Amino acid sequence: MSQQPIRYEFIKACKQTGARLGRVHTPHGSFETPVFMPVGTLATVKTMSPEELKEMGADIILSNTYHLWLRPGHDIVKEAGGLHQFMNWNRAILTDSGGFQVFSLSEFRKIEEEGVHFRNHLNGDKLFLSPEKAMEIQNALGSDIMMAFDECPPYPAEYDYMKKSVERTSRWAERCLKAHNRPDEQGLFGIVQGGEYENLRKQSAKDLISLDFPGYAIGGLSVGEPKDVMNRVLEFTTPLLPADKPRYLMGVGSPDSLIDGAIRGVDMFDCVLPTRIARNGTLMTSEGRLVVKNAKYERDFRPIDEQCDCYTCRNYSRAYIRHLIRCNETFGIRLTSYHNLYFLLKLMGQVRDAIREDRLGDFREEFFERYGFNKPNAKSF
């Protein structure tokens with residue numbers, strides 16, 4: 001059997017928490033885990049250049065199958081030599097399957113065994129996405145890590161519906177494996193579903209593990225459920241997954257959830273959060289959230305975060321950034337996006353160091369104390 005394109009190397013476990021330090025090897029380089037992956041929906045992390053992403057330490061980014069299928073079209077990306085070539089990014093890329101967008105963006109959708117009928121959210125055209133189509137698109141994009149096409153039920157969902165959905169997702173996963181035509185160049189991850197139901201998560205994990213994917217994602221979280229529900233589901237789901245393969249929690253990017261996810265054995269995370277909140281002037285800092293549009297920063301000439309050494313904090317003041325964001329200047333959005341991405345990438349570096357030094361539990365306590373996450377009714381992002 002040929003070498004898998006995706007390989008997980010376990011480095012060590014934190015004695016204090018059990019969190020894992022590891023490294024994932026891909027055809028476009030390796031990255032240490034736990035890792036946060038910036039999201040480049042349309043083959044760009046909004047307002048950031050590939051050079052800036054490398055400068056801040058990003059070794060893997062995510063792109064969206066659904067959006068690239070609609071614009072510019074996977075055939076055009078393939079003609080360009082694949083996504084890496086198209087967007088001038090020579091490090092690892094993960095693509096999602098398009099499933100989440102079909103279920104979250106489209107008003108009209110009809111789920112059948114074959115796949116999903118839905119309307120294009122841009123122009124209302126009728127479209128159809130199936131496991132086979134999702135593989136065809138991702139094979140054309142040429143990402144290092146592809147995701148199986150799954151059903152993303154809403155939260156909360158009735159048990160009976162969720163059971164049928166999990167069974168369908170397992171059948172679709174098998175079809176994805178059969179349709180995947182570049183298994184030596186691209187790794188395909190299965191997605192464990194099951195909502196908050198422990199026995200359904202067990203069933204989903206068992207089905208997918210029998211198919212022997214090179215990695216596994218935990219889907220159906222960060223869809224509106226309370227944080228304690230997410231943590232509880234992770235506590236019984238991550239131990240079900242093979243220890244010698246990467247585990248990816250989809251759609252999670254708030255600092256508290258990244259730390260809590262790592263403590264529960266997760267290796268990979270992605271979310272649009274840092275860039276989305278940056279566009280309206282909400283910033284992550286070592287002392288908690290900072291909304292730079294607030295009037296109190298009008299004459300505040302300090303950097304966004306005095307503990308931060310990013311390009312934004314080394315060069316610009318809160319007052320200047322407030323002015324740019326209030327005037328809708330693109331440069332303001334670039335500065336806030338840079339800072340938030342840098343903050344999360346640096347946070348994950350601190351998490352990895354804490355695992356290395358067996359002190360992630362202490363790190364969490366200090367961080368939550370500083371951020372105010374320990375207070376009753378604490379506000380996350």
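Using the three backbone atoms N, Cα and C, a Cβ is placed for every residue, glycine included.
Per Swiss-Prot, the features are as follows:
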ACT_SITE  ASP96  active site, proton acceptor
ACT_SITE  ASP270  active site, nucleophile
BINDING   ASP96, SER97, GLY98, GLY99, PHE100, ASP150, GLN193, GLY220  substrate binding site
BINDING   CYS308, CYS310, CYS313, HIS339  Zn(2+) binding site
REGION    251-257  region 'RNA binding'
REGION    275-279  region 'RNA binding'
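Locations of recorded Swiss-Prot features on the structure.
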residue	record	CB count, 10 Å
ASP96	active site, proton acceptor	30
GLY99	substrate binding site	24
PHE100	substrate binding site	22
GLN193	substrate binding site	31
GLY220	substrate binding site	32
ASP270	active site, nucleophile	22
CYS308	Zn(2+) binding site	19
CYS310	Zn(2+) binding site	21
CYS313	Zn(2+) binding site	24
HIS339	Zn(2+) binding site	28
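Counting residues of the region 'RNA binding' (251-257) by DSSP class, helix then strand then coil, yields 3 helix, 0 strand, 4 coil.
Within the same chain, residues 36, 100, 221-223, 227, 230, 269-274, 284, 343-344, 347, 367-368, 371, 373, 380-381 sit at least 6 positions outside the region 'RNA binding' (251-257) and bring their C-beta atoms closer than 8 Å to a C-beta of that stretch.
Counted over all residue pairs in ASP96, SER97, GLY98, GLY99, PHE100, ASP150, GLN193, GLY220, the record's binders of substrate, the longest Cα to Cα distance measures 15 angstrom.
Around ASP150 (substrate binding site), the C-beta neighbours below 8 angstroms that are at least 6 residues distant in the chain are SER97, GLY99, THR169, TRP172, ALA173, ILE191, GLN193, GLY219. ASP96 (active site, proton acceptor) sits 31 Å from CYS308 (Zn(2+) binding site), taking the Cα positions as reference. Rounded to a whole value, the Cα-Cα separation of CYS308 (Zn(2+) binding site) and PHE100 (substrate binding site) is 34 Å. Counting only same-chain residues six or more apart in sequence, the Cβ atoms lying under 8 angstroms from the Cβ of GLY98 (substrate binding site) belong to ASN64, THR65, TYR66, TRP69, LEU129, ALA134, ILE137, PHE149. The Cβ of SER97 (substrate binding site) has 30 other Cβ atoms within 10 Å, all protein chains considered.
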